[in-house]
Structure formats: structure tokens, C-alpha cells
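Chemist: To start, I am sharing the structure in question, which I have written as C-alpha cells.
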Amino acid sequence: MSIHNPMAFTFGILGNIISFMVFLAPVPTFIRIVKKKSTEDFQSLPYLVALFSSMLWLYYALLQKDTILLVTINSFGCVIETAYIAIYVVYATRESREELNFEMQVSTTKLLISVNMGLLSLILLLTHFLVDGSVRVKVLGWLCVVVSVCVFAAPLNILKQVVRTKSVEFMPFTLSFFLTLSAVMWFAYGLFLKDLCVALPNVLGFILGLIQMLLYGIYRKAQKVNEKSKPSAENLRSIIILSALGSSEIHPVDAEPDVNGGVEEHDQTEESKEDEKNMEASHDKLQSNECAV
């Protein structure tokens, strides 16, 4: 391929390098999970989706010719996403004494079995026995396009958060930039290979990436959002950024409700009311003594 299509090879190598870094972006999240021995409020869904996407793209690439660079990046994606999910399940299991974390662990296992094993196996069997040759490749290619387009629904939530809060506090520019750059590389790779299924979803990725960076330029000088306009901690823990070829990242935000602060404020309020009652009682007693005199 490097001889017959050097441009595709060049963009494929660049796409591999950038996507490799994007796949490694969640590493700090899992270092945090391992250190705290807790999955906290982090969600497993983006990693399950990323694994499914990588496995589907890998199967598609294996049926194609001269797509070794698609094979390499999605093989790495399958390995790294499997490692992420394994770590998540292990530490969710350790927290099984807590009902919420136990439900998260069970939910992750069910999704892993039903989607990443069941649905993928069904797709492989149907495409293998019901369609042949080039038709099979086309069917798989358009399935990959559909999955990739669905994956791009996640950044739309981030854009909504940025516009609503007028703050880019929850949208990391660096990750948005590299995902946009990755979309450009894989679009060019698909274009030079004349593979519409690779090129098409990355057009959407490039457009969404540009919108993210444009919003960052507009709201980057805005002050941090006030407490009333901040999204809930549950929503912030679930902010997800995904690329067309399956790489994903959760941007963790420590935005847990200040429960202790609320308790302290409540205690202070109760104490103030008690002091007021005592002062009123003392004042009434003093007046009674004066009247008695």
C-alpha cells in the first residue's frame, strides 16, 4: 500500500498515532479508580460502546484489502477498551456491598454480554451466512457508519452544556482538538482509498469538532458557572467524547453536592434560632423582674 497509495498510507499512519493517544486519554480516569479502589460515579457505557465499535471496524477491515492500518488501530482499541472494562468491573465488584455500585456492575456485565458478545455475534453470523463477497463488505461498512454516527450524539450533549452554562469548564479543548485532527486524518485515509464508509462518518466528526473549538473560543473567557447553573454531579460524571473509530473519553469533574456544607449551614441556622429564643426568654424574664420591683 505504501507503494501504490502513499497518501493513504501517510494519513493512515498519522491517524494511528493520533487515535492511539485518544485511546489512552482515559488512563488518568482509571488510575484514579485503581488508587481510590472505587468506580465512584464514572459510567462504563462509553467504553462498552467504544469496544463494540472497534470490534465491528476490525471485522470490516479484515474483510477489506490494503486496510492494515485500520486493523492495527482497532486491534489496539479492542485491547485497551477490554482492559478498561475489566478494571471497571473489578472495582465495581469490590463495592458490591453498596446497592448502587452493585447495580452498575450488573448493568455493565449485562451490556457486555448482550451487546459486545450477543449483538456482535449475531451481526457476524448474519453477514457471513446471508450475504457473500462484496455485498458483505458493503453491509458491514454501512453498519459501521450507522454506529459511528450514533456515537457522535454524545458531543452534542457537551455542546448543549457549554451553550446553557456559557462556560467551557466541562469541555477540554485539547481532546476536542485531537479528535478533530483524528477525523481529518481518517477522512483523508478513506478518501484516498476511495472508501466512503471510512470517510463519511469523519465528515460529521470534523464538523462537530470545529463547532466545539468555535464554542471554546467564544466562551473561554467566560467566568465559571455559578452554582445554580451547574449541571448535576451525575450528569457531569457522564460527559463523554467519542470518535468515529471507537476511541472514547470521559472528562471527570468533581462536582459532587456539598452535603457537609449544607448540613453545617443547617446546623448554624438552627443554632441561630436557638440563640434568638434564649435572648427573647432572657429579655422577657428581665422585664418581669423590673415589673416585680
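Glycine is treated like the rest: Cβ placed from N, Cα and C.
Whatever TrEMBL says is automated annotation, not expert-curated.
From a predicted model like this one, the values you see are computed outputs, not experimental measurements.
Just lifted these from TrEMBL, have a look:
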- 6-33: transmembrane segment (TRANSMEM)
- 45-62: transmembrane segment (TRANSMEM)
- 68-91: transmembrane segment (TRANSMEM)
- 111-131: transmembrane segment (TRANSMEM)
- 137-158: transmembrane segment (TRANSMEM)
- 170-192: transmembrane segment (TRANSMEM)
- 198-219: transmembrane segment (TRANSMEM)
- 251-293: region 'Disordered' (REGION)
- 263-287: compositional bias 'Basic and acidic residues' (COMPBIAS)
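Please go over these features one by one and say how buried each is and what sits next to it.
Modeler: Here the transmembrane segment (6-33) has Cβ contacts under 8 Å with residues 39-40, 42, 47, 66, 69-70, 72-73, 76-77, 80-81, 84, 87-88, 91, 175, 178-179, 181-182, 185-186, 188-189, 192-193, 243, 245, 247-250, 252 of the same chain, all six or more residues outside its ends.
Within its own chain, the transmembrane segment (68-91) is flanked in space by residues 1, 9, 12-13, 15-16, 19-20, 23-24, 26, 30, 33-34, 37-39, 42, 44, 47-48, 50-51, 53-55, 57-58, 60-62, 105, 108-109, 112, 189, 198, 245-248, which lie at least six positions past its ends and keep a Cβ under 8 Å from the stretch.
Within the same chain, residues 70, 144-145, 148-149, 152, 155-156, 158-159, 162-163, 166-168, 171, 173, 176-177, 179-180, 182-184, 186-187, 189-191, 243-244 sit at least 6 positions outside the transmembrane segment (198-219) and bring their C-beta atoms closer than 8 Å to a C-beta of that stretch.
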Chemist: Near the transmembrane segment (111-131), which residues from the same chain, at least 6 beyond its ends, have a CB less than 8 A from one of its CBs?
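Modeler: Contacts of the transmembrane segment (111-131) (Cβ under 8 Å, skipping residues fewer than 6 from its ends): 44-45, 48, 51-52, 55-56, 59, 85, 89, 139-140, 143.
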